[in-house]
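Written out below as structure tokens is the structure these notes cover.
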Amino acid sequence: MSLQDVMASSVEFGTCAMRGSCGTKGWFGKPLPCPYDGSAQPPEDEEARSLLTTVCGPEYAEGPVCCTKDQVETLYDNLKTAEGIISSCPACRNNFRSFYCTFTCSPDQGTFLNVTSTQKSRTGETAVKAVDFFVGQRFAEGFFDSCKNVQFGASNGYAMDFIGGGAKDYKAFLKFMGDEKDLGSPFQINYPSEVPDNFTALDPIPRSCADNDLSSRCTCIDCPDVCSTLPYVPPPGSEPSCHVGVLSCLSFVLILAYCLAVAGFSIGYLLQLTIRRRREKKYERLVLGADAASETNHPLSPRSGNRGLLGASSLAQYVDGEESTGAASSEESRHHLGRGASLLDPMDTVQPRQYRLNNVLRRFFYQLGFTCATSPWLTLSVVFLLVGLLNLGWTKFQVETEPVRLWVAPDSESKLQKEYFDEHFGPFYRPEQIFVTSVPAATADSAPEKPPVLSWSHLKYWSRVEQGIRSLRSPSGYSLEDVCFKPAGPDGACVVQSALAWFGEDISDYDENTWAEHLLDCANSPVDCLPDYQQPLKPEFVLGAVPETGDGKKDYLKAEALVVTFVVSDSLDPAVQERATEWERTLRKYLLDVTEQARQEAGLAVSFSTGVSLEEEINKSTNMDVKIVVLSYLAMFFYVSIALGNGVAARDDEGVVSSLARWARNFPKLFRPTGITSSSLSIDSRETPRLFPRLPRKLFVGSKFTLGLFGIALVILSVSTSVGFFSLLGVKVTLIIAEVIPFLVLAVGVDNVFILVHELDRQNLLHGPNAAATTAAVQGSSNEYATTPMSPTRPENPRSPFAASHDESVDAASMPLYLRAEERVARTLAKMGPSILLSTVTETVAFALGALVPMPAVRNFALYAAGSVLLNALLQVTVFISALVLDLRRMEANRVDCFPCIKLHSRVALLDAPSASHGLGSIARFIRRRYAAFLLRPVVKGVVLLTFGGLFVASVISIQHMQLGLDQRLALPSESYLIPYFNDLDAYLDVGPPVYFVSHDVDVTQRPGQQALCGRFTTCNESSLVNVLEAERNRPESSFIAEPSASWIDDFLRWLDPAQEECCRVLKRNTDRFCTERDSSARCQPCFAGRTPAWNITMEGLPEGNEFMKYLNQWLISPTNQDCPLAGKASFGMALSLSETRDDVIASHFRTFHKPLKSQEDFINSFAAARRIADDISERTGTKVFPYSLHYVFFDQYAHIVAIMQEILGLGLGSVLLVTALLLGSWRTGTIVTGVVALTVVTVMGVMGLWGISLNAISLVNLVISLGIAVEFCAHVARAFMSAGTGLPADHPAGQKERDERMWTALVDVGPSVLSGITFTKLIGMAVLGLTRSRLLEIYYFRMWLTLIISGALHGLVLLPVVLSLAGGPGYPTQEADEEWMSNAMRNDYEYAPFLADDESVMSD
């Protein structure tokens, strides 16, 4: 560049300010220039002129200069060091050369340079100590702008970090270059902003990286101004969506529809109320003066009993046909079909609807139950033998704890890519990371703030800790040197990122007065304080939470945390891995001691993580807060055992409280004189005064504690057998299975136990030893059974009541009321077996379909859950039936529960006929008297539908805000040392994780493959891998990429540049042989010296084919040092995977860094962004590229988890629909059940969004459980509803009342069992689990399970009854109803009207 642009005022052209060398400052260092106030002189000789033109260009080919030959040689050496870093950008390189050539040799040096002070050199000569260099703002800014974006790929940083100390503006850039330092200028160069009148600023026109001149123009990598703009891509998670204000369109539509529904219901109800009142007034006018009784009983009266039923207003006119009115209709309307069915039409016109599959199932379960009941010990022996054989699979038992194999599908793309990366480049390093902060001083007024961590005492203390780490020895004698990562090879230094590395790992050379200045210098210019491994250490890697001053600069001395990282190598070799893990365990133990000591000794808080920490801490047993979990299960076990015997009250016994009250009332009679009179004779022995209270018999005999424990034991046995069976098949157990399966099987199994026991209690009421007396008492005038003996003998070979044909001549009056125990148990299973089959098959199929999900944790859970539920059901319909009959025999023999060897004497009490309401437990009585009648009112139905509709709308809105992810802190024990570490990681680490873009299946030995990857040459593809990565780096909000990429292909080809004389060298005598470090420069020459065509940025003439591999192999073993920073050994030695013969590149990676990731959303979005970028590069270049970072394999699940959730829940609901429709015999009812199950799951998902429960593998498993337990809540109610029908068509005018009565019967029949079996059992367990200290248990188990139990109970016992009563399918009667209840209804002429009956109505009970 011409110097004619430089203007001078008082100082004339051709004068110098300094010239020549006057020795060094000390024994070592660069030569100092001599002050010289004279005219410029020609070079000493032609050799000096030639050297000058070589270094500074043809502008110095003639004329005088202000430098000597030795100065030019020193300048040449200095420029070579810098140009190895900036040579990729011609504008920066030429501006840099022009700047220093002008400063050193310009003949007009005196016009812009002023020597301000001198010093004596080592040789005693007067040398320059400081100068003022006047540089114009235009040139200074242009110079800085041309270099500020030049990248140095080997460090994933910028050239400015090396040549300008990371300067952010031209003033800081000039200051860094001018400061006196060992590796920089040997004297001080100042750059005054004000130029004295007798000087003129050096202000030529600078080169721009965007100029079209080939000597200026830089590539996109180093000059963003020439980059093409990529199409806009919205940040992950912020894709445009339809919104109406702040609401999404879906939310808006749902809210609008719900508001319209509420308005429609309100208007309809008001209209109906108004019309009804008008009809009442009209009717009162018509019947004025009529008899009040006839008015009340008239079927057309709006005050009649039908008023309380939905649809009753239209029912009356159809009681006896369209013309039926008056007393005749009233008389005929009293005939009802009995249990759950009203005889609304004449008996001979209504035929019960039969469902062949139902009859087949009832016959099957009757035969199964009768077989197990008649041969209980044989059944127990055979089944337990088979179960024992399956449990032999425990010998193959294995627990899967490896996180990748646990949460990532075997064929997952991320898992395959991780394996590919590990195989070709080696596993990712094992970081041992430590955070050191000051312990805050306690203050009473506010939360304490962290004081700065940097102080001389803290540094001295931590220096001793680091020395202790370096000297650690594992039990086998391994030290840090044996396991650390050494980028320069086995003889190199370990990578230890610590602020102490700026001090050379030894602070003994510094003191309390000098350490701060040195640390600031290193933080501001890391290149001046290279650690042992010779790579600049940026302050963000070693200092955390650095505050900013008022002018936006970092105040490093006030950093809150020291960040220390020891990088340990990893390997696929188990021996190498074991060596690393052994040393890491030693380090962990050492740091645990340091953590305790540092707080007391130095006031430092230390948190850390080692390579073995996370897996070890996650797998700790304390992770699950075992005591709380066990206590939760014990509470449920105890409740089940106690509550099982209280479902149906005894006929002839009283409670504990009433017994104590009776004893207290009669106790004083012991001390009164007694006389025997007829009036004093008591026929009730309970009235006899006693010294000690006589506790009720049910405490001892009626208890079912042993039976409850046996049922729980079957639950545990089914889980154990499932584990044994699948272990035999090679399916590994996971911790989530151990945590969840017992909960699931207990919910399902206990419900079935309660249903069977309660139904057996009802069978005992109907056909037990006291059945005849009770029935006779309540029959009234029909006393046909009054003489039935208390315990008649049943024939040995009874004919099944469920046989295909029946003798029509045999009616109910001729059938014995008493049935022996085996028959009653068989009838129990016959009635409830199909219901158990329905729930079991539905849940088993739904869970089994979950095995289609590829995620091992979910797949294995689905298999174990399906197996456990199925095995538990099989045990309940076989072994538990045998246990039922044994327990029933014990009870009827008056033997004490838990101690069957003890037999109590029967009590004799001649009582009045007991109230039939005593046959129901308290829950059943509440449902019968209060709940069912209230729920089935028309207005209540409407309110229920609107309420659950609103709940559905709110849930869908909430689901849209549900987050993805699992904070790994939740999976750790509450006292884990990793929790403070992760907290500090979020607070103090200001760098993101590295990400590698791996290119494979591309021929890099040929020019097209090279151009698809490179970025620093003019012929590189505009959309090459490196260019796209650079363009993405410029939009970090979408790409999550924050640092320049390390491009091996560019550095390798630049390594061949003959201008880099110390890089690629060959022997002059034998150019086929490469020079080594031991060969002198005189014997060597650049590899491409004299080559035709010469090395150039167009890539023409650069090596291809075998020649490419020849140079590449040499580059990979060439040491990376200050002489040749482009060499590949340290920077890219592990970035390429070569074939075994080293004649081909199989794969290579390009490293960059994510921006700091602080949340689960950031990690998920970074993965999504990297996948998008890799796919884009592959599409643009035609090469295969994939991204890899350490966390990708764990967050891969979130790319598919929504689709997996939709798939597994969709398949589950589909299976629920098919199975329920088939086994219930009604598509309508099956659809309703499936819809209610779906609403239950939707509600659980809605609560997840509100309660901070993220969607991940654990919550997905819980959603599958929600589906299964929702089926359990709904299946038994739906089955009971369908089994109480009369066969009336759905459009029959009386169909609404018939559905209401069937629903009432279903609620009374199975409602108590569902409440006791699932709801109360689980609520008790959840109440105990709520005491846990584990955040994982609290959020993903306590919160989710509490939600699903409450949601399941509300949907199964509130919404489902309402919907079935409105739109349920036509039912079919049970065989028992055909034979007994219908016959009794016809013979005894009683009415079954549950909604009108009084509390003591016998048949209502």
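Using N, Cα and C of the backbone, Cβ positions are placed for all residues, glycine too.
Whatever TrEMBL says is automated annotation, not expert-curated.
Annotated in TrEMBL:
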type	residues	note
TRANSMEM	244-271	transmembrane segment
TRANSMEM	364-394	transmembrane segment
TRANSMEM	628-649	transmembrane segment
DOMAIN	697-886	domain 'SSD'
TRANSMEM	707-729	transmembrane segment
TRANSMEM	735-757	transmembrane segment
REGION	777-805	region 'Disordered'
COMPBIAS	777-791	compositional bias 'Polar residues'
TRANSMEM	836-855	transmembrane segment
TRANSMEM	861-886	transmembrane segment
TRANSMEM	939-959	transmembrane segment
TRANSMEM	1208-1226	transmembrane segment
TRANSMEM	1232-1253	transmembrane segment
TRANSMEM	1313-1332	transmembrane segment
TRANSMEM	1344-1364	transmembrane segment
Per the Cβ under 8 Å criterion, with at least 6 residues separating them from its ends, the transmembrane segment (1232-1253) contacts 948, 951-952, 954-962, 1209, 1213, 1216-1217, 1220, 1224, 1259, 1262-1263, 1266-1267, 1270-1271, 1273-1275, 1278, 1339-1340, 1343-1344, 1347-1348, 1351-1352, 1355-1356, 1359-1360, 1363-1364, 1367-1368
Two-stretch contact, the transmembrane segment (861-886) and the transmembrane segment (364-394), at least three Cβ pairs under 8 Å: yes
In the same chain, who gets a Cβ under 8 Å from the transmembrane segment (707-729) while lying at least 6 residues past its ends? 387, 390-398, 637, 640-645, 741-742, 745-746, 749-750, 753, 757, 860, 863-864, 867-869, 871-872, 875-876, 879-880, 883-884, 887
Which one, 244-271, 364-394, 735-757, 939-959, 1208-1226, has the most C-beta pairs under 8 Å toward the transmembrane segment (836-855)? 1208-1226
If we skip the immediate neighbours and take only residues 6+ beyond the ends of the transmembrane segment (364-394), which ones have a Cβ under 8 Å from one of its Cβ atoms? 717, 720-721, 723-729, 800-802, 821-823, 825-830, 833-834, 837, 871, 875, 877-879, 881-886
Three or more CB pairs closer than 8 Å, sequence separation of 6 or more: does that hold for the transmembrane segment (1313-1332) against the transmembrane segment (735-757)? yes
Restricting to the domain 'SSD' (697-886), report the mean pLDDT as a whole number. 73
